[in-house]
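Chemist: The Mg(2+) 4 binding site feature in TrEMBL is assigned to 42, 56, 87. Residues annotated as Mg(2+) 1 binding site in TrEMBL: 57, 58, 135. The annotation Mg(2+) 5 binding site is assigned in TrEMBL to 241. The domain 'PurM-like N-terminal' feature in TrEMBL is assigned to 40-153.
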Ligand code: ADP
Ligand code: MG
C-alpha cells in the first residue's frame, strides 16, 4: 500500500553491528543537563540532583502491535517514542531521556532503519528528549522495538492512579475513539488492496483518524497546562486501552466509584461519521477503542473554576463512594455498569 520511494537497499551485513549503530545514532545531540554521558559507553550517566526519576518501558512487536503493510517506518519510529512518553506525562512528569532497542531481520535494508530512526529523531526533537542508548540485535522473524522513557518530577508533584476521592471530577483531554476508527479504515483498505493492488484508496475523508492511528501525539502540553493553571490532578492515567478500562484502574486503585456521562464524551465529527459508515456505536468505540494517548484524570471540585471552558479538558463525570459502583449514565439516563473490554476484545466484534 505504501509506495516504495526509496529503491536503494543496502544490506545490513555490509555495515556490521558497530557501523550500523554509529550510522543510526551519531546525529543525536544532548540537550538536557541531566544527561551527563549519552551514547557511546557501556551505560549512560544521568544526574537528576534532587528531582525524582520516573521510568517506563514498552515493547512493540511486528504483527502484534503494528503492521508494516500500512504503517510507514517513519511513523512507527515516531509512535514508538510517543507511546512511552505518554506514560511519563501520565505521572505529571517531564520526559528527559529515552533508550531505543531494536531487533531486526536481515530482510530490512539499511534504508528501512534510516526511516525508522528519522521518525525517532523527529519525535525526540518535538518532545525534547535525549536518545541516550539502546541495543541493536538481529531477529529471525519480524521487527521488535523496545523504548524506555525516563523523566523527572519534583517531589510531591507526581500524580498516581490511586489518589481519586469521591466527588472529584473525571476529566479527559482531547477526543476519543479516533485511533481505533483509523485502524478500521486502514484494515479495510488493506483487504481491498489484497484483491486489487492497482486500487489507489481515497482516504481524504479519514485524515484525522488515520493520523490518530499512525502518528499519535502524547499530551506533553497538558502537563505544562496543568502547571500553568495550578491544578494538580488527584489521579491520572494515559488512555492506551480505552477509557472504560482506564477509569476502572483509577477507581480500583483509588477505592472509589464513578458516574461517567455518555453525553459528555468528546468525539470528533470524523469519528461519528466513520462509526455510522461502519455501523458501530460511537460510545462503544470511545469507551473501548484503544491508542488515543489522551490523559484521563480526576480533579478536586475546588479546581473546577480553573479548568472551566478550557477546550483541552472535558468533564465527563464524577467519582462516587466505592460502594456506589462504576457506571455509565446513558443519554436515556439509564445506569449501566462499566466493564473493561479493551481494544483486543473489540477486534473480534468489528
Ligand atoms: P554493548 O555491547 O555494551 O551492549 P553496544 O555496542 O550495543 O554496547 O552499544 C554501544 C552504544 O550504542 C551504547 O551506548 C548503546 O546504548 C548505544 N546503542 C546501541 N544500539 C542502539 C540503538 N539502536 N539506538 C540507540 N543507541 C544504541
Ligand atoms: Mg548492545
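Glycine is no exception: its Cβ is also placed from the backbone N, Cα and C atoms.
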Chemist: Could you check which of the binding-site residues (42, 87, 241) sits closest to residue 57 (Mg(2+) 1 binding site), going Cα to Cα?
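Modeler: Closest recorded candidate to residue 57 (Mg(2+) 1 binding site) by Cα: 87.
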Chemist: Taking the Cβ of residue 87 (Mg(2+) 4 binding site) as the centre, how many other Cβ atoms fall within a 10 Å radius?
Modeler: 22
Chemist: Where the criterion is a Cβ under 6 Å from an atom of ligand 1, which of the binding-site residues 56, 57, 58, 87, 241 meet it?
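Modeler: Cβ under 6 Å from ligand 1: none.
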Chemist: If I take the alpha carbons of residue 42 (Mg(2+) 4 binding site) and the residue listed as 'Mg(2+) 5 binding site', what is the distance between them in whole Å?
Modeler: 36
Chemist: Could you check the binding-site residues 58, 241 and say which one's CB has the most other CB atoms within 10 Å?
Modeler: 241
Chemist: How do the residues of the domain 'PurM-like N-terminal' (40-153) split into helix, strand and coil according to DSSP?
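Modeler: Secondary-structure composition of the domain 'PurM-like N-terminal' (40-153): 34 helix, 46 strand, 34 coil.
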Chemist: For the domain 'PurM-like N-terminal' (40-153), what is the mean per-residue pLDDT, to the nearest integer?
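Modeler: Result for the domain 'PurM-like N-terminal' (40-153): average pLDDT 96.
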Chemist: DSSP secondary structure for residue 241 (Mg(2+) 5 binding site), reduced to helix/strand/coil, please.
Modeler: coil
